[in-house]
Structures are given as structure tokens and as C-alpha cells.
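Right, one structure below, let's go through it.
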Amino acid sequence: MTSTGQDSSTRQRKSRHNPQSPLQESSATLKRGGKKCAVPHSSPNLAEVKKKGKMKKLSQPAEEDLVVGLQGLDLNPETRVPVGTGLVFDEQLNDFHCLWDDSFPESPERLHAIREQLILEGLLGRCVSFQARFAEKEELMLVHSLEYIDLMETTQYMNEGELRVLAETYDSVYLHPNSYSCACLATGSVLRLVDALMGAEIRNGMAVIRPPGHHAQHNLMDGYCMFNHLAVAARYAQKKHRIQRVLIVDWDVHHGQGTQFIFDQDPSVLYFSIHRYEHGRFWPHLKASNWSTIGFGQGQGYTINVPWNQTGMRDADYIAAFLHILLPVASEFQPQLVLVAAGFDALHGDPKGEMAATPAGFAHLTHLLMGLAGGKLILSLEGGYNLRALAKGVSASLHTLLGDPCPMLESCVVPCASAQTSIYCTLEALEPFWEVLERSVETQEEDEVEEAVLEEEEEEGGWEATALPMDTWPLLQNRTGLVYDEKMMSHCNLWDNHHPETPQRILRIMCHLEEVGLAARCLILPARPALDSELLTCHSAEYVEHLRTTEKMKTRDLHREGANFDSIYICPSTFACAKLATGAACRLVEAVLSGEVLNGIAVVRPPGHHAEPNAACGFCFFNSVAVAARHAQIIAGRALRILIVDWDVHHGNGTQHIFEDDPSVLYVSLHRYDRGTFFPMGDEGASSQVGRDAGIGFTVNVPWNGPRMGDADYLAAWHRLVLPIAYEFNPELVLISAGFDAAQGDPLGGCQVTPEGYAHLTHLLMGLAGGRIILILEGGYNLASISESMAACTHSLLGDPPPQLTLLRPPQSGALVSISEVIQVHRKYWRSLRLMKMEDKEECSSSRLVIKKLPPTASPVSAKEMTTPKGKVPEESVRKTIAALPGKESTLGQAKSKMAKAVLAQGQSSEQAAKGTTLDLATSKETVGGATTDLWASAAAPENFPNQTTSVEALGETEPTPPASHTNKQTTGASPLQGVTAQQSLQLGVLSTLELSREAEEAHDSEEGLLGEAAGGQDMNSLMLTQGFGDFNTQDVFYAVTPLSWCPHLMAVCPIPAAGLDVSQPCKTCGTVQENWVCLTCYQVYCSRYVNAHMVCHHEASEHPLVLSCVDLSTWCYVCQAYVHHEDLQDVKNAAHQNKFGEDMPHSH
């Protein structure tokens, strides 16, 4: 799938390759018999490429995708990068307030406080100011109905009593004679920034406006909001500037249901909201605010909700949601514009949000978003009601937009258990729709650390903000330092002029940096040789002295000396050049730590990361990065926390060995491994190598076991693994072993990372360590690709936004396997990799509904095409009249409820199937606003139908406050019918066929239909379903439960006992025969969790993972929390079938 495939291909993943069992790491270290300069043989030759090309005929859809993708390419390297941050701040927006309540939180004082803070920090003068303008009525009509706009316009002429009467017909709003004009001005302010941004007048922007807008719906005021500014801006950008894909990020503490309802059928707008939910107890009390609501119809998968179910959520929780969910999906969606509903009511001290985020945290969120859409980013103020916190939050985000480094986070950057659960559930709901979210075999085995210890760690690591920290923002004259010396070209191969590690490497890089004007933007720093004392921090004195003797050796002796090492050549200048390269890195460290520059690049050679304490290796003599790290710690006078990221395609064995017992240095390497056959050979680069002694867990190896790894694979590793660990480590300095031999065209690497990809990797790391980051050149042997790649990284260091990644394919399955393998290894060391606790997983994973997506339209869906009502809205219909549904909440495992929802959804999930039904999706959305509806509870109580729907464009179904004992139970599975009322569902004529009256209600209340563990307890008549709904084969395929095709715990299955298998045995503990399971390790029989839960107790005591149902012969893995169907289970299943039915199983698949 290409990056532009959102407009022409289905969002449902086309194929799900079964992940293979990862090979066991070899315990023996392979001898390094191969040479580093050997060319990998896995790449196809020219003849194969030509043959393959002739066999592939470009289809029309693929050609259209290619054309759209090429539109994003910039073939002119000297194109001017837009500069400046736009700001709209108009005093007229303070011309309204609540006439009857002076204490109303949405007040003019909010903007006054912001303005004072921006003046205090000198930010107003650094921005490009734009005059606010009024939005035209035609522009508002891109989202809102004309009748609603006209109604709002009449408020200009109402007196206070009339305004109050009208305001009371809505939820949480007030009206003032100037409310309409200010709302128009607020919307127009955002549109002005859109024009400036798309016209390359600015790089990004912020609209400091009021009233807020994200709760406003098509024809409904709500939650202080009259017009939905960002929704109008998205439609405006699509119409005027031909933007095809817009990302809207809503980090306001309240769910922006208005924005969600406007776009929940539209695949051209991706909506992401992270908000306080508390299982529906927090405003706006909607099921549509939960993780299970993902949009419907063509927009299924394009609505993302991350609900916080407790207060006090911190920066770490928000950052984790961005890393694990938003950034991966956005990288596949590839937005062309990012709009942020920037509410700051999640900051510590806000009376409404009751969260514990800090201004620095919002600076980091802003920075992460600046890597998307080529940097085209607009923040629009929404909520925030603690004046001091609001002002600090706005200023922090504005600092980041202006290019200032993100402050270091003071709290422990580890998400809490509740956040991990919410993130996991959201991922579960979204995984079928986004290829980048596909998780390979990522087992959820219990960590070796006891659960009690983990909980104690969380308690000890808990952080509670007592006050907003006074963030400091460094003012630097020079942002990026550059160190280079042509003397390093003196190191050369006297016997082979075509050796890949050629002196031309650094010369070509410098020439390119000068050609594109980047060198002139940097502060040129003089290189110096490393001192012996600096070298001795990482290398032995004997080795240094031995290398020094090569300066006076004869040519024949130099050749013999080089042969003593692995992949090494030596000339008389080698020792001096190696000292100069290492000293240059140390000089750059001095400049960064002293504040002379913020970050820097060292264009040096020979490279260093293979150099061992006592030996040269792989073109390397002195380990420049390692020496620079030790030099930084000496300057600081303490064990400075240093992150070393090594993205050279070869594993940095030398760096790993130097720091493998040091917890002050986190070493992360991404490299080709090919199961130990890629240089430097052996098992040092395996994922199982995690360090030793005090440094255990601080060595992280991401081994690629094949070629062609590209941008998508590296970004997946960044999002899932590198950045979560890095944020938890919270480094004070970042050093990058910047080898570019994983770049496209490199003769040694065989990978496909683009210069743009390296720019993104650099940008994402720049949020760490207060922006103190240094790139030190390692490998890279294609002169063109290393020059362009280093230039791309330099652009990022200078603050230029990373370019869009065009034609980005999904991550390779082999890459996902490697990443998952590393995550499994390091979960015990890094809490940020434990997405959720085991006992919470069942909430999300049981009976997950999967519906094939419709092919999205190539153009955005207009508001009129979706939900525009006909006729004027009567005044009494404006009032929100939502009533909680009667009946119980549907639990996750209820087979009848889930199957019925699946079948009902089946009739509505495709345009072809919809032809035979009287249900209109647009009408249904007008009625319930896209909220989730429990159809079974509705069908069971038809007398309540009139009270279960809302007025036109109402908020949707409210979430009733659950009893205390049920606060952790949530409804699952967003159906495509998330806007259908119970009354309208009767139009399908199927409920009568299923006879779902009191019988359905009884089935709903019983636990016999639960699919959690014992599918054998299900008593649903599938034939009745078939008769009621026709042949499913003619419609979209759906699955109530999809078993795993492989499980890492299959090795726990033991041979069938000699006495055979008796599935009629009673439970060993209680003697029941009602519903039992047999353990496939010890073959003892116990009852299910829905009888007396003795099999659950057996699993907890024995840790035996796999069990077989004596009822329906299904196999369940307690550790994976999923059903498993694999050929290794066929023998035991067949034996059980023979015992139960007296014959072999009818089929073996």
C-alpha cells in the first residue's frame, strides 16, 4: 500500500500473513570469517528486475496512486523552506461573556492571561501576526446547516432573557449579542492561517481564539461551542486548496464529539481524540467517546478515541498514546494538513480536567506532530480554565512551533496501568484497518519480575505535580554546529583504490552541504585531535600505543598489520586521522554541553562503532561515539544519562561491549543481522543480548533478518520500541552513530531508507534531552546517498520540517517479527513496553468484530452528502433529550448479542447489501449522531423506543453511570451501524425472524453465551441465523472470534497419556460435569470460569497455558488470551473427537 492509498484502496488489510516462529538464537558465537565490504547476495540482479517488471502491468488504480504520490515530490533541492510561525490573536474575541453568570469558566480572562504570558516571554514579536477575519456564511455552510447559522445570526438582536431561554435549550452554553460575530471571527482566524500555510507564507501557526469549537455539531451548539472551527477549516482546505487528507488531533480533556460526528463517515479526515472518559461518567457522557467507536461506513477506522478512565493522567500517558497509536496511523494515512484542537484543560491545576499534564508535555506533543504533513500544522485554542496553566500551556506549544527545543520532562515518563489498558484497547479496535498496527507474535508472557514488585515500582515511580514547573527556553545564537577537517581524507587504502571506505565520502558530504546552503546555516567548529587521556577512557593504553607505531611502518608492514584485524586497512596517516575524527566528536560535545550550539553533526572518518577496547575492526580504529560519551560525562562531572542510537546497517559491536555493564548509557542499535551471518557476524547483535551486570537492559538490539528494510520499518521500530524506551530513560544527551549504509543504493547494506526517512528519524529524537543531539558519521558507501541523507538530517537539526514520505509501504512482516521479539525480551526491563496488565486484556480481545471496509471515495464526503437534514429545525428539537437506555450493559463475551450485532451490521456495511434495506445511514446518523447502540437491549424493550432517540443531530446515546462493581466493564466492537436507533433497526425485518424478544433478553442476561473462555457453553442456533439473514457468502466476511494460527506456547503441549483422553471426566476439584476443560500439559480436568473457575485456578498455580474444551473441542491459551488453531493441536483434538463421538474429526484444518 502506498501513502496515497487512502483514497483508492480499502482500509481493511488485504492479507494477514501468519507470523513464523522466531528462530532460536545460536548460543555459539560465529567466527567472523566474512569481510565487511562483501556485497549482500540477497538483492535481485538486473535481469531478475527486468523480468519482474515486464510481468507486472501497471493497473489504472495504481497509476492514479502514482500520480498523486508524485505530486508530493520536490525535485528541486534548493526550494525555499517556509519559515515563521503564524499567530492570530484579536482583542475583538473578548467582546462576549456570560450575562447572567460572572463565574462562567469560558470568559475573556482566558485570552488576557495568554496575552500577558506571550508578552512576558517575548513570543509575540517572534511570530508572524495575521489579522483575524470573519468567516463567510458560505464557509460555515461547509459544515453547518443554513437554518442553524441563521438561527445563530438572530442572537445578535435578542435581549438577555431571550438569549438565556435559547441557551438553555442546549447543553453547557451561554449566548451574548456578540457571540455570533465572535464565533465567525474565531472560525475565520483559523481559515486565515490555512491560507497562509498553504500559500507558504508560514511554516506553521496558532489561532488563539474563543469561543471554542470542537463540541459544535451540524446544527447544534454544545459545550461552549457555536461553530466547529477545525471542521470548517478541514473542509475549507479540501475545497480551496485541494487537500486530500486532513488529520485532526484533539487533546482537549473533553471529547470533541462534534468533530467526530461530522467526519465519522469520511475517510479523507482522520480524527484522533484523547480525552477523559471515566467509563462514561465524564462529560459528554457518550458511548461514542469510547475506544470502540471507530467510525462507520466508508469512515470506519478513521475515528480514533483514546479514553482516559481515571484522573491524574500525566505527560507519559499522553506521549505513549501518541507513540503507539497516533504516529503509526498518521504515518500510514500521510496527512497533508494537521489541525489540532488545542485545549489545555488537561494541565495540572485545571478545575475541569483534573489531570496532571505539564506545559512541557504539550511541547513534546507539538514536536511529535511537527514531523507530519511536511510540518503543515495549525493549533487552534479550545478549552483550558486554569488561567495560569492555560497561559503556560499555550506558550510552551508556541515555543515549540517556533523551533525552540522541548524542555526535559521532570516526571517519570512511563504510562500508568490505566493508560496502558486504554491504549491497548484502542489498538485492538483499530488493528484491522491499519496495516502499520499489525502486531506480529507479541506474546504477553508474565515477566520474570513478580507482579507485586511491578506494582510496587509503579507506586514508587508515581509522580504527582504540585506546581507547574518554570520551564526554561534557551536562546541560542547558533543552533547547529558542524565539525569537519579535510585532513581526515589522508587515511586511504594504498592497495585498493576502489575500497568502499574512501576519502571522498566526507568530501562529497561537505560539498553537498555547501551546495544546498546548509553549511552556511551552521556554526563551523574547528576539529582537534583527541587527547590520549580521552582515548584511554574507552581503549587500552597498549592498543593506543600499538596503533601509534603504525605511523612509522613501511608499506609492507602496514599491509601485514592490517591483516591482523577484521576488515581493516592501515596507512601512515591512519593513526592521526583516527585521533582527529575522535577529537572532532569530543569538540562537538563540548560545544553542545556548554550551550555554544544546541546540536551538531560531525563529518568524520574513519568510522568508529566497530572499534573494540583492544582492537580495530570493520574500518574502525577509535570508537568516536564511545569516547565522546565518556568525554561528556567527564565534563558534567557525573554519570550523565546518554542515549546512543546506532542506525548504521552494521551492528556496533565495539560500542556495545564498551557500555554493556553501564546503566548510565543506553545503547540502541538497528542493524542487519540475518541470523548472525551479516557483518560483524556472531550473536552479539541478537535481540537476546541485553547487557550484563548493572547494565542489563541497557543494550537494545533490533536485528533485521533480511534486506530491503526501509522507512516504514525503521519508523515502526521508532514508534513501538526506540522512543518509548528513550522517553523512559529520559537522556540528557543523545549521540547518533549515523551510518548511512542502510540508505537506498548503498552497495553493502541492501536496505531502502530514504534521505527523507533519516530526516524523520532525526526529528523524532530531537524531542529528547532538551534537544541536545549530535550526529557522528559512521558508515555509508554510496556517495550520493550519504550526501543527501546527511543533508536531510542537517535540515532537521536546523529546525526545518521533515518532508512528507511519499509512497510509504507498510512495514515488512519480517521487521514486525524482529520488533516484537525485542519488545518481548525487554518488557521485563522497560515498563513503557508493557502495554497492559494481563488481567485487563480480556476486556478488549474477546470476540472482536471484524468487518471488511468499503472502498473509500477518492474525494472527501461533503456534509450535504452525509447528514444534512431537510427542513428548518424546530426550536423544541434543538434541546438535548437524551435518556439512558434500559437494560443491562452488553458484556464482551455474549455470543448472541455480538453475533446479532455482527449480522445486523452485515446488512449495512456495504453499498451492495444496503440496496435491499430501508435503513438510511445518513438518517440514522442524524438521529443518534454516530453513537453506539445496544440493539439487543433495545429489541428487548420495544416500549421504550420513543425515549431512546435524540432530536435531530443530537449528541448520541449517553453512557449511563455504571454501578461501582461494574466500572471496568465496557461495551466492545464498533459496528458500522453505530448510528442506528433501535426503532430503525426494526425496519430490517430481521428481529422478528430471530424471535428476539424475551428470549433474547434472557440470553442477554445469562452467562451461557459468553465467549471469554468456554465457547462450548454457547447455545445459539447458527441455522436460525442463516435462515434469518440469508447466505453470508454473498456479503462481506465477518468473524465473531478469530483464533490465532500460531501460538508461542504450543511447546507446552505434552503427548497424550498412554491411558488416552476422556472428555467426560468430572472436574477434579468440584466433580461437576457441566462444562469442563482439559489441561494440555498435565491432562487434568477442571471446570470453566463460568462454573467454579477451577481451571483458571489450575492455570494460575501451574502456569500451564493451553487447555481444550470438553464441550466443543476448542483450544484456549491463557497467556495469549485467545483461541488457537494449529496443526500441532490436531492429534489431541482428534483423540478428543474420537472419545466424544466415536469417530475421527471430519476435516483436519
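In case you wondered, yes, glycine gets a Cβ from its N, Cα and C as well.
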Feature omega-N-methylarginine (Swiss-Prot), candidate list R32, R80, R110, R879, assigned to R32
Among 66-75, 416-425, 1106-1115, Swiss-Prot lists motif 'Nuclear export signal' at 66-75
Name the residue among S43, S859 that Swiss-Prot annotates as phosphoserine. S43
Among all protein chains shown, how many Cβ atoms are found within 10 Å of the Cβ of C1087 (Zn(2+) 2 binding site), not counting that one? 27
Relative to the Cα of H215 (active site, 1), which of the binding-site residues H1049, C1067, C1070, H1094, C1117 has the closest Cα? C1117
Could you check which of the recorded positions H610, C1047, H1049, C1117, C1120 is the closest Cα neighbour of C1067 (Zn(2+) 2 binding site)? C1117
For C1087 (Zn(2+) 2 binding site), the closest of the recorded positions by C-alpha position, picking from H610, C1047, H1049, C1117, C1120, is C1117
DSSP state at H1094 (Zn(2+) 2 binding site), helix/strand/coil: helix
If you tally other C-beta atoms within 10 angstroms for each of the binding-site residues C1047, C1117, C1120, the top scorer is C1047
Taking the Cβ of H1094 (Zn(2+) 2 binding site) as the centre, how many other Cβ atoms fall within a 10 Å radius? 21
Enter the number of other CB atoms within 10 angstroms of the CB of C1067 (Zn(2+) 2 binding site). 23
Measuring Cα to Cα, how far is C1047 (Zn(2+) 1 binding site) from H1094 (Zn(2+) 2 binding site) in Å? 23
